[in-house]
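Asks: Positions annotated as region 'Disordered' by Swiss-Prot: 1-48, 97-134, 278-306, 340-417, 511-543. Annotation comment: Swiss-Prot describes 42-87 as region 'Ubiquitin association domain', evidence class a curator's inference. Positions annotated as region 'Necessary for interaction with TANK' by Swiss-Prot, on the basis of similarity to another entry: 81-150. Per Swiss-Prot, region 'RNase' is recorded for 112-281. For 135-290, the entry in Swiss-Prot reads domain 'RNase NYN', with the evidence type sequence analysis. The annotation region 'RNA binding' is assigned in Swiss-Prot to 214-220 on the grounds of similarity to another entry. Sequence annotations record features per position, and here Swiss-Prot assigns region 'Necessary for interaction with ZC3H12D' to 301-454 based on similarity to another entry. According to Swiss-Prot, the zinc finger annotation covers 301-324. Per Swiss-Prot, the feature phosphoserine maps to Ser344, Ser435, Ser439.
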Amino acid sequence: MSDPCGTKPVQESNPTMSLWSLEDRHSSQGRPQPDQDPVAKEAPTSELQMKVDFFRKLGYSSSEIHSVLQKLGVQADTNTVLGELVKHGSATERECQALTAPSPQPPLVPRGGSTPKPSTLEPSLPEEDREGSDLRPVVIDGSNVAMSHGNKEVFSCRGILLAVNWFLERGHTDITVFVPSWRKEQPRPDVPITDQHILRELEKKKILVFTPSRRVGGKRVVCYDDRFIVKLAFESDGVVVSNDTYRDLQGERQEWKRFIEERLLMYSFVNDKFMPPDDPLGRHGPSLDNFLRKKPLPSEHRKQPCPYGKKCTYGIKCRFFHPERPSRPQRSVADELRANALLSPPRTPVKDKSSQRPSPASQSSSVSLEAEPGSLDGKKLGARSSPGPHREGSPQTCAPAGRSLPVSGGSFGPTEWLAHTQDSLPYTSQECLDSGIGSLESQMSELWGVRGGSPGESGPTRGPYAGYHSYGSKVPAAPSFSPFRPAMGAGHFSVPTDYVPPPPTYPSREYWSEPYPLPPPTPVLQEPQRPSPGAGGGPWGRVGDLAKERAGVYTKLCGVFPPHLVEAVMRRFPQLLDPQQLAAEILSYKSQHLSE
């Protein structure tokens, strides 16, 4: 059938393209007549068939497609038809679900894999199946369980039902019970049986299996049911539920012996309650949940709570768990000190730190080469300022050896003096701190030995310049500070302590560690008498007492803490002498460095 334009209809090999071309053609030709039947009169048969074929490829039935097309018309948009088909399909599915409501689950279900599952199951059963697949198959020794429940006198079939229901409640689906077939016979007074109908019910559910037996010449021939039990459990990698140890079967095969030792689940009956142990393989074995699973769950390694609770007197040696105690390493102080000593990095020697600074010998040689003829003799000045040959190379030397005063044209300027003072004192204090507490006292004695050795010699008096006159009593007379004192001749050389405090016109220091700027010096012909360095009232006496006290505190703390921790904390807090406060700081310092 041809269209109004005289062209042939679109090939049916591509229904999607034909559907869209038909829609475009109908939209371009004009509006449809509302008084005509959209299916019978307007749309050709081939067009209707193409649409039906198209939607059938999407999975819808012909009846559904025809009903929707009769409702919407052939000219309806594809998305509209699809939306109506989806609604129609969902309504049909709801009607089918309402008609096929799931029946209540019976108390006893067949073993997994023996019979096909019915199609009308609850939605939660797939999760139960997945849960049951993680559980081991269970093989129950029916004779042993029934006789145990009957107190070794009666074959109580109710005991078998209690055991089966216990495993069903835990999610097991693969359960097998073995019972000799002669137990189906009528009970006799010498062989009492109770609730014999339970055996037939369990057999109908494909849970109970009768082992074969027969009569030969009026005598019963019974097959060994224990071999059925062990063999099935071994082949299915399951669990045997019995209080029998199967000693005769353990001797038959070595793999059976090991299997029975590892997979035998014993039990007890408390009236009508089936109770297997929570630790089937002993206190140190797996739990009952892991014992019945193919892949055991990850266990929480947590200690058993201490039975004494807060009244426990074992302290950190208690092997039980104490929830009231904070989570800290349960080790003694000695063990912690040993562990910290092994973990702490080795300390670098002091000579490595001193090697980073320029050598004093190179400084003295460079100064002496720059000296002019009219200035001080460089060699003589270096010899006077050096502490002596016995101190060279010593690791505890605090004062720089071989250091000489800067010489420039026979006089000192403020720039040269500032550079010299900044290069001398900070090295002394820093290296003494690095060498430990015990070296502070030796540092003081060595410094006083350099200065002249006599108790009556001059000492420091002014605070800002107290550490700047290590050359005061040793430097000979020479022309000094010619830019500031042109009228002064070769007089007595004075050290920075002889100068007046800096006037307010000098700029303030940018950093607190910088020395004060020096003003023009005043002529000093003779140094005044100052108190001896050993006097208790002077600052040097106070420093000596402080060093002795710090040495005592250091010795006490080293008896408790590692020496490197004590040194590190005492370097942080040089003015702190309270042992308790220092101990607290050491503990906090140790915890910070251990966490790093």
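For all residues, glycine too, the Cβ spot is worked out from N, Cα and C.
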Asks: When secondary structure is assigned with DSSP, how many helix, strand and coil residues does the region 'Ubiquitin association domain' (42-87) contain?
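Replies: The counts are 35 helix, 0 strand, 11 coil.
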Asks: Report the mean pLDDT of the predicted model across the region 'Necessary for interaction with ZC3H12D' (301-454), rounded to a whole number.
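Replies: PLDDT averaged over the stretch: 54.
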Asks: Run through the zinc finger (301-324) and tell me, per DSSP, how many residues are helix, strand and coil.
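Replies: Taking the zinc finger (301-324) as a whole: 6 helix, 2 strand, 16 coil.
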